[in-house]
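A.B. asks: Sharing the features that Swiss-Prot gives for it:
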- Ser170: active site, proton donor (ACT_SITE)
- Tyr185: active site, proton acceptor (ACT_SITE)
- Lys189: active site, lowers pKa of active site Tyr (ACT_SITE)
- Leu32, Asn53, Tyr185, Lys189, Ile218, Thr220: NADP(+) binding site (BINDING)
Amino acid sequence: MDSSSYWSYDNIVPSFRLDGKLVIITGGSGGLSAVVSRALLAKGADIALIDMNLERTQQAARDVLQWGEEQMKGKHESPIGQVSAWSCNIGDAEAVELTFKAINEHHGKVASVLINTAGYAENFPAEEYPAKNAENIMKVNGLGSFYVSQAFARPLIQNNMTGSIILIGSMSGTIVNDPQPQCMYNMSKAGVIHLARSLACEWAKYNIRVNTLSPGYILTPLTRNVISGHTEMKTEWESKIPMKRMAEPKEFVGSILYLASDSASSYTTGHNLVVDGGYECW
């Protein structure tokens, strides 16, 4: 590369545009995906939302499109992308494979970005944790992360395409949030973080990047309901965060766009990006 090309604007300044790319988001009707899907649409992507409840996911898709039509009118050179809704249990490997294949066929292209926000937490003292519950949370949070990554990567490898996988971990994957009794959730998220590292090493030769985004406390609608009327709980949680507040969902958008962009994060793989307001620094 000659000197003039190396120092050109397009070569030095990363682009966060996702024009024409198909992005699959699991947990598609959740609070985090609501803001992320809007940001991705604004960057030119087509989006496929996946969740267990098809009706809620379809409504989420309609909401994203309506937002795009209202907020992006006259601000976007390209037409607004497509947004589709799908129902799938990510803990079911066969269902995941069929759904991802149907998504690619529906949109007429192979998805090149996967954001796995699906998963859940629950509280049980370790000595009382029901075996059935323990198995299910590992199936959804752990195996589900693998199943969606596998189904996403296969057509990319077959078509010699690059891609980016973003698995949502948690600060609970590296620390224990006292006093919450969530041993199986913690175990599942620790597994997600190491799964991303393992897949990053295996799929680097295919130019498929795999990273984890690990949030701290997020003020999703679910979290707001949990702390509503429990001022002492909110105060206790925030007292353990150096920034002394919980995160708004929009504060994760920049990290998602960075990891999704082939230009911005082309040499970033196997990384666990922690966005927790400094919680883990104590």
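For all residues, glycine too, the Cβ spot is worked out from N, Cα and C.
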A.B. asks: Please give the maximum pairwise Cα distance, in Å and rounded to a whole number, for the NADP(+)-binding set Leu32, Asn53, Tyr185, Lys189, Ile218, Thr220.
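C.D. replies: Across Leu32, Asn53, Tyr185, Lys189, Ile218, Thr220, the widest Cα separation comes out at 23 Å.
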A.B. asks: Ranked by the number of other Cβ atoms within 10 Å of their own Cβ, which of the recorded positions Asn53, Ser170, Thr220 ranks first?
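C.D. replies: Neighbour-count leader: Ser170.
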A.B. asks: Tell me which of the binding-site residues Leu32, Ile218 sits in the most Cβ-dense spot, judged by other Cβ atoms within 10 Å.
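C.D. replies: Most Cβ neighbours within 10 Å: Leu32.
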A.B. asks: Quick one: Cα separation, Thr220 (NADP(+) binding site) versus Ser170 (active site, proton donor), in Å?
C.D. replies: 14
A.B. asks: Using Cα coordinates, what distance in whole Å links the residue listed as 'active site, proton donor' and the residue listed as 'active site, lowers pKa of active site Tyr'?
C.D. replies: 6
A.B. asks: Give the helix, strand or coil assignment DSSP yields for Asn53 (NADP(+) binding site).
C.D. replies: coil
A.B. asks: Quick check for the class: what is the C-alpha distance, in angstrom and rounded, between Asn53 (NADP(+) binding site) and Lys189 (active site, lowers pKa of active site Tyr)?
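C.D. replies: One finds 23 Å between the Cα atoms of these residues.
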